[in-house]
Amino acid sequence: MDKLLIEGGAALSGEVAMSGAKNAALPLLCAALLTREPLTFTNVPALNDIDTMLRLLAQMGVVVERQGSQVTLDAAGLSNPVAPYELVKTMRASILVLGPLVARFGEARVSLPGGCAIGARPVDQHIKGLQAMGAEVGVEHGYVHARGPRLKGARLFTDMVTVTGTENLMMAACLADGETVIENAAREPEVVDLANCLVAMGARISGAGTDVIRIQGVERLRGVTHRIMPDRIETGTYLCAAAATGGEVRLTGTSGAYLDAVIDKLMDAGCEITTQRDAIHLKAPRRLTAVSIRTAPYPAFPTDMQAQFMAINTVAEGTAVIRETIFENRFMHAVELIRLGARIRIDGNTAVVTGMERLEGATVMATDLRASAGLVIAGLVAGGETLIERIYHLDRGYEGLEQKLSALGARVRRVK
Ligand SMILES: CC(=O)N[C@H]1[C@@H](OP(=O)(O)OP(=O)(O)OC[C@H]2O[C@@H](n3ccc(=O)[nH]c3=O)[C@H](O)[C@@H]2O)O[C@H](CO)[C@@H](O)[C@@H]1O
Ligand SMILES: C=C(OP(=O)(O)O)C(=O)O
């Protein structure tokens, strides 16, 4: 199994390009199931999760063509509306085939999804929504089995804000009979990117980006070409890496537009940040000031940036309080950061981090995608060598991580 060896101490500097967003690309690829016409996506990141999603779609009968960061999907011959356990177990987003499959095919069997081990992560809201739209849905032998010849528009209210839940139900509603209203909808930019593509395909959607989305069902959708939005979490991760190491970087092919909460906190920590239309520049102070955060649905501070902020606080001046309100088990990185000498106390969903002058390199284990990113940041500032095990998590979500970090002057390499 690959590991990442980091020799800490180098301040990151220079310019690097950000990739397309994993969490926008995954639902968008599933939108191809809604039409008989080919859909082309550009700016698709080269990630294990994308490979898994393309394999999943291919075994359903979708024709997949991939050239670099361009992917064309043709679901005219869709024949097998099944998402098997072997493909679904590593990736939460595979549940996103459920809504489109029932809407277009009238039936779907989808294994209960895996993904990052950060909480129980049920899919009851996805199921409840489809049932409200007239589908018969049951869970048997670890599979969600949904049937519904033609979904009917309905008024949907989710118990909590759910990103993939909103995306699944919005896609299903596009081909339903009549109007669907999703209340308490997720406002994440990835939901808006999906809605923009669906609208270009002929869907009638309004309100994406607010907490009430209205969808008027249409008979059919057409093929289009769509550019995947930049990855705001990858961008935030590189900003944190530069901030922690006292560096100065320019990130291109990205935007500060969806990163207000993160940029605000980095500025509170003492960083100078300027944003242009498609680039962000950060200059870090000699030492960061501790910043407290509380994760919550967009536009508040993203849970997918919590581990990275825990890492930067381990070497900041002062004490930070970190509250995780989205997932019940998303502090797994804390014990690994403690191995590097960090001072962290956990009490339920709260972590109290007291900054140290420096961390010391050690062997640590990556437990999930963003936990791994937090460990990489800590390794970059720790004295000596840090060896990160189980980096397959990173390959799910960070395109060319070692190459990009090396381009910024980090001493990092993959070892067997
Ligand atoms: C592929 C993708 O886009 N993943 C993102 C998505 O995950 P994902 O869409 O899985 O996360 P949700 O927004 O659905 O989860 C929010 C909370 O709702 C709970 N819940 C959700 C659905 C449901 O049916 N029942 C239920 O109880 C979850 O367990 C969690 O506690 O949003 C998360 C929250 O921003 C991010 O961390 C993930 O990176
Ligand atoms: C939690 C994440 O991914 P997933 O929802 O795919 O597990 C993430 O991207 O941080």
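Cβ atoms are placed via backbone N, Cα and C, with glycine included.
TrEMBL labels come from automatic prediction, so no person has curated them.
Model confidence over the domain 'Enolpyruvate transferase' (7-405) stands at 96, taken as the mean pLDDT rounded to a whole number. According to TrEMBL, the domain 'Enolpyruvate transferase' annotation covers 7-405.
Summarising the annotation, TrEMBL assigns phosphoenolpyruvate binding site to K22, N23. Under the DSSP three-state reduction, N23 (phosphoenolpyruvate binding site) is assigned to helix.
For R92 (UDP-N-acetyl-alpha-D-glucosamine binding site), the Cβ neighbour count at a 10 Å cut-off comes to 18, with all displayed protein chains included. Under the three-state DSSP scheme, R92 (UDP-N-acetyl-alpha-D-glucosamine binding site) falls in the helix class. According to TrEMBL, the feature UDP-N-acetyl-alpha-D-glucosamine binding site maps to R92, R121, P122, V123, D124, Q125, D304, I326.
Annotated 2-(S-cysteinyl)pyruvic acid O-phosphothioketal per TrEMBL: C116, in sequence order.
The feature active site, proton donor is assigned by TrEMBL to C116.
With a CB cut-off of under 6 A applied against ligand 2, none of the binding-site residues R121, P122, V123, D124, Q125 are retained. Binding of UDP-N-acetyl-alpha-D-glucosamine is attributed in the record to R92, R121, P122, V123, D124, Q125, D304, I326, and the widest Cα separation among these residues amounts to 22 Å. Counting other CB atoms no more than 10 Å from each candidate's CB, the binding-site residues N23, Q125 peak at N23. Under 6 Å, Cβ to nearest atom of ligand 1: this is the test, and of the binding-site residues K22, R92, P122, V123, D304 it is passed by R92, P122, V123, D304.
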